[in-house]
Amino acid sequence: MTTAARGRPASEDGQESGLGVRIARVAGIPVYLAPSWFVIAVVITAIVAAPLLQTRPLVGIGIGIGQALVLLVCVLVHEAAHAVTARLAGMPVVRIVANLWGGHTSMEAGRTTPGRMALVAAAGPASNAVFAALAWMALPSVTGDVSGRFVEGLVIINGSLAVLNILPGMPLDGGQVLECLVWKVTGDRNKGSVVAGWSGRVLTVLGVLWFFVRPLVQGQPVDFSRIWVLLIASILWAGATDSIRRGQTLATIGRIRLAQVMRPAVAVPDTARLAELPATPGNELVVVDGRGRPTAYVDAAHLSSVPPDARPHTPVSAVASHQDPGWVIDADPAGDVMPALAVLQEFGITVGAVVHHGRVVGVVHAADIGRALNG
């Protein structure tokens, strides 16, 4: 599974972000093992070991642990295929994470194309299909019960990963391929996200009907595997729903012009006193340094609280909120609001200074964007 960021870049620090333990690097890309992975490891060990617990419990547990490790390797092969293909396609890759639900590769999509994104998405299932085929061809020459179970596990796990992930519905890789296909045909990626999300919902419902409802109708008991089906279905449904909402939200954002949510602003030098500030009703005030770079935002409440007799001696810095250099939004107000939203999300800030052709033209507040989206 791939996660191509379309807004806020992900942190590369796994420890600070709670991603787990960094266990390796693939082509320079950090690989993390999330704590939740051990849950699926225990589940697989229990399922595989169950038939042998009465006769050879230690062998059963050993085979179960081995199969859990095989799954980990297969997942990492899958994600490494995504990552390496993305690198070859010119897309920066942030990390690979193995977790409870398998794994995911985080990357920055940037100015990519439907073809490149589809190729990256398809690389994961393709790698598992190749490994499954190789293991299947090697199976007849394998001797010994333990070795045979190990190779069988390679065939089953890789085959299952290939088949499951190529299904055409979000959040699976096949869903991303479908998204790219719709994107290519319509020229609208957001429409692709919505279509792939609905396809994912349909596939999830069909899966529940076949693997959960059908056995119940046939009188089969609700065992652990049935519960696992519901858990997986809930994750797939959530991923599909997120794809639909993301597509709809980004489509709405694309229709909002930056000028609609931007408040006009006037630049004032950082050496100015309050009495020297221009009388510009309705305009925000942005403090700039000697090079004309926006460095701070004047808080209207603080400004109004300064008595008139103190203004000739009060520097503008006393009522200004210093901002991170990243708060500057270099964009055309006639364009859409996405550049502004990306900056606000990336730096976790609520206000940004809009600069066009090197001149401060306005200020954007996250609250104003939110109201435009909800209105």
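Each residue, glycine too, has its Cβ placed from N, Cα and C.
Record check, TrEMBL: Zn(2+) site residues include H78, H82, and the candidate from D173, D188 also listed there is D173. Cross-referencing 150-172, 334-356 with TrEMBL places the feature transmembrane segment at 150-172. Across the structure, E79 (active site) and D173 (Zn(2+) binding site) place their CA atoms 11 angstrom apart. Proximity of distant same-chain residues to the transmembrane segment (224-240), defined by a Cβ-Cβ separation under 8 Å and at least 6 residues beyond the stretch ends, is recorded for 43, 47, 101, 169-172, 175, 196-201, 203-204, 207-208, 211-212, 215-216. Away from its own ends, the transmembrane segment (31-52) comes close to residues 14, 19-25, 59-61, 63-65, 67-69, 71-72, 76, 79, 95-101, 224-225, 228 of its chain (Cβ-Cβ under 8 Å, at least six residues beyond either end).
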